[in-house]
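Student: Mind having a look at this structure? Questions to follow.
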Amino acid sequence: MALLQALRDMPEVETHLVMSKWAKTTIELETPWTAREVAALADFSHSPADQAATISSGSFRTDGMIVIPCSMKTLAGIRAGYAEGLVGRAADVVLKEGRKLVLVPREMPLSTIHLENMLALSRMGVAMVPPMPAYYNHPETVDDITNHIVTRVLDQFGLDYHKARRWNGLRTAEQFAQEIE
């Protein structure tokens, strides 16, 4: 949701959302949001079964695609070119058209199979952006950690996020740490 909220503040970016059945379930279980509220954050929302959606064609221009969160099942399907649903098809299109694909893997720990799939995708030019917290910016809330992850995802597309807290050197980090003590 935080990524869609950030993109909503960027009128130059058009968003297309695909929520799987399990994404909807996860939203309902893990957040205070409803799937409908999340869908309303996107400019366009597509059914995961809609193989005729605009984003299923290479002739529909996009800057790329972000799969967040990305299950290991989806990641493996993308690696194999298995395009049964719209997420897989849209990812396949992004890859074949040479556009930016960013995956934010959800699971841990990672098995050898997961790591091999990620390595293969990375070698294809896919950006793996695991949602790892950074501590140099002294996060105080879960939102601070989430904003860092959103920043790193948006960085892949050269998009500036107004909530970004960037590394500005050791001296600055030490001063910041002293200020919050």
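Placement of Cβ uses the backbone N, Cα and C atoms for every residue, glycine included.
Where the annotation comes from TrEMBL, it is an automatic prediction and has not been curated.
Not my notes, these are from TrEMBL:
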{"type": "DOMAIN", "residues": "2-157", "note": "domain 'Flavoprotein'"}
{"type": "BINDING", "residues": "SER20, SER71, MET72, LYS73, THR74, ARG106", "note": "FMN binding site"}
{"type": "BINDING", "residues": "TYR136, ARG152", "note": "dimethylallyl phosphate binding site"}
Student: With a radius of 8 angstroms around the mean position of the C-beta atoms of SER20, SER71, MET72, LYS73, THR74, ARG106, what other residues of the same chain does the FMN site pick up?
Tutor: TRP22, PRO69, CYS70, LEU75, GLU107
Student: Where SER20 (FMN binding site) and TYR136 (dimethylallyl phosphate binding site) are concerned, what is their Cα separation in Å, rounded?
Tutor: 34
Student: In the structure shown, with every protein chain counted, which of the binding-site residues SER20, SER71, THR74 has the densest set of Cβ atoms within 10 angstroms of its Cβ?
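Tutor: It comes out as THR74.
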Student: Sorted by position, what residues of the same chain at least six away from ARG152 (dimethylallyl phosphate binding site) have a C-beta under 8 A from it?
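Tutor: Result: VAL129.
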Student: What whole-number Å value do you get for the CA-CA distance of LYS73 (FMN binding site) and TYR136 (dimethylallyl phosphate binding site)?
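Tutor: Between the Cα atoms of LYS73 (FMN binding site) and TYR136 (dimethylallyl phosphate binding site), the distance comes to 32 Å.
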Student: State the count of C-beta atoms found within 10 angstroms of the C-beta of LYS73 (FMN binding site), not counting that atom itself.
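Tutor: Other Cβ atoms found within 10 Å: 12.
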Student: Could you round the CA separation between SER71 (FMN binding site) and TYR136 (dimethylallyl phosphate binding site) to a whole angstrom and send it over?
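Tutor: TYR136 (dimethylallyl phosphate binding site) has its Cα 28 Å from the Cα of SER71 (FMN binding site).
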Student: On the 0 to 100 pLDDT scale, where does the domain 'Flavoprotein' (2-157) sit on average?
Tutor: 96
Student: Please report the number of other Cβ atoms within 10 Å of the Cβ of TYR136 (dimethylallyl phosphate binding site).
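Tutor: Here the count is 15.
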